[in-house]
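> Annotations per Swiss-Prot:
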TRANSMEM  33-53  transmembrane segment
TRANSMEM  77-98  transmembrane segment
BINDING   HIS83, HIS182  heme b b562 binding site
BINDING   HIS97, HIS196  heme b b566 binding site
TRANSMEM  113-133  transmembrane segment
TRANSMEM  178-198  transmembrane segment
BINDING   HIS201  ubiquinone binding site
TRANSMEM  226-246  transmembrane segment
TRANSMEM  288-308  transmembrane segment
TRANSMEM  320-340  transmembrane segment
TRANSMEM  347-367  transmembrane segment
Amino acid sequence: MTNLRKSHPILKIINSSLVDLPVPVSISSWWNFGSLLMACLAVQILTGLFLAMHYTSDTATAFNSVTHICRDVNYGWIIRYLHANGASMFFICLYLHIGRGLYYGSYLYSETWNIGILLLFATMATAFMGYVLPWGQMSFWGATVITNLLSAIPYVGTDLVQWIWGGFSVDKATLTRFFAFHFLLPFIIAALAMVHLLFLHETGSNNPTGIPSDTDMIPFHPYHTIKDILGLMLMLSVLSALVLFSPDLLGDPDNYTPANPLNTPPHIKPEWYFLFAYAILRSIPNKLGGVLALVLSILILAVIPFLHTSKQRSMMFRPLSQCLFWILTSDLLILTWIGGQPVEHPYIIIGQVASIMYFTIILIIMPLTSLLENHLLKW
């Protein structure tokens, strides 16, 4: 008699994805982040569901409902801070996952990579709308500034912004629709993640060497389940420490002030995980140019597979490309720092140089370096 997990219509799908899936023997802990992201999404959906039971999406009561959750609901404070800091963990895992893909050449699985880019955009949209919901000062002004960027689109821009706002300013209609979309999008993200996984299992996982490993595979369970559980424990430890010891470390104090349309905060800035893109946006003096640069800073990921000029897939044996990769990482950290600083000298020029560096490294220097490495290896 065949094993039930191999014959049952539903169980065999789970079995082929999580139990008997052949996985390269050489993959390292950098391959843990997919499962960590699914864990983050599960935490976010669960905590979000419990928060939605007590939250009211009305401008008059939204701020007070969040206060009520933290003060009066049993363990409301921990649910709220798990949700807020869970988003930060989500983006840390997301950026490390993308970095891994860039370093080891996983972007050559184009369908998986493109679905991943869609997932990134969906996650960013969800996080942005979630930041608006507590209806603090930074929520209101962040929503006003970021949605207003769409007015840079020629001809239809102003109408588009008013259509999104549901009026002539960010108000009750905006908050209600943002809550609706913020609730809906995580389920779309979960569906996209399934498609992401489906395409990945069509090709099989990449590995650190970048060399096909069809002859050297091991089953996912128990080897990688144990490895993933270790990563999960480490991530949950960090998240717990963040939530229990300094829950407001990554937040903005301005968001503890109720939204006031008549009083602009001194420095309007998004959450830390958007600061690199915000710095690129601010580094261009022209509004439309800034918006284009902002979108392209993420959309540039879609171009990377076409810029792969190396004869080797992974950067594991390419020291010059490795140096460039870590320069790019440092550049992104500099942009993140600049995004949180006021618009004044010397931050303006540092932001502009870092923005130019970001696009130049990806579009010009990396492909040329790969060609040089091919030449040095006489390929």
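Cβ from N, Cα, C; glycine included.
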> Cβ under 8 Å, sequence separation of at least 6 from the ends of the transmembrane segment (226-246): give me the contacting residues as numbers and ranges.
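For the transmembrane segment (226-246), the nonlocal Cβ contacts are 29, 32-33, 35-36, 39-40, 43, 78, 81-82, 85-86, 88-89, 93.
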> Which sequence-distant residues neighbour the transmembrane segment (77-98)? Criterion: at least 6 residues beyond either end, Cβ under 8 Å.
30, 33-34, 36-37, 40-41, 43-44, 47-48, 50-51, 66, 69-71, 116, 120, 123, 127, 130, 235, 238-239, 242-243, 247, 250-251, 271-273, 301
> Among the binding-site residues listed here (HIS83, HIS182, HIS201), which has the Cα closest to the Cα of HIS97 (heme b b566 binding site)?
HIS201
> Counting only residues 6+ apart in the same chain, whose Cβ is under 8 Å from the Cβ of HIS196 (heme b b566 binding site)?
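Set apart from HIS196 (heme b b566 binding site) by at least 6 residues yet with Cβ under 8 Å, we have THR112, ILE115, GLY116, LEU119.
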> Might you confirm whether the transmembrane segment (33-53) is in contact with the transmembrane segment (288-308), defined here as three or more C-beta pairs under 8 A between residues 6 or more apart in sequence?
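Result for the transmembrane segment (288-308) with the transmembrane segment (33-53) is no.
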> Can you count the other CB atoms that lie within 10 A of the CB of the residue listed as 'ubiquinone binding site'?
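There are 14 such Cβ atoms around the residue listed as 'ubiquinone binding site'.
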> What same-chain residues, at least 6 away in sequence, bring their CB to under 8 Å of the CB of HIS182 (heme b b562 binding site)?
GLY48, THR126, MET129, GLY130, LEU133
> In sequence order, which same-chain residues at least six apart have a C-beta under 8 angstroms from HIS83 (heme b b562 binding site)?
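The list for HIS83 (heme b b562 binding site) reads GLN44, THR47, GLY48, LEU51, given in order along the sequence.
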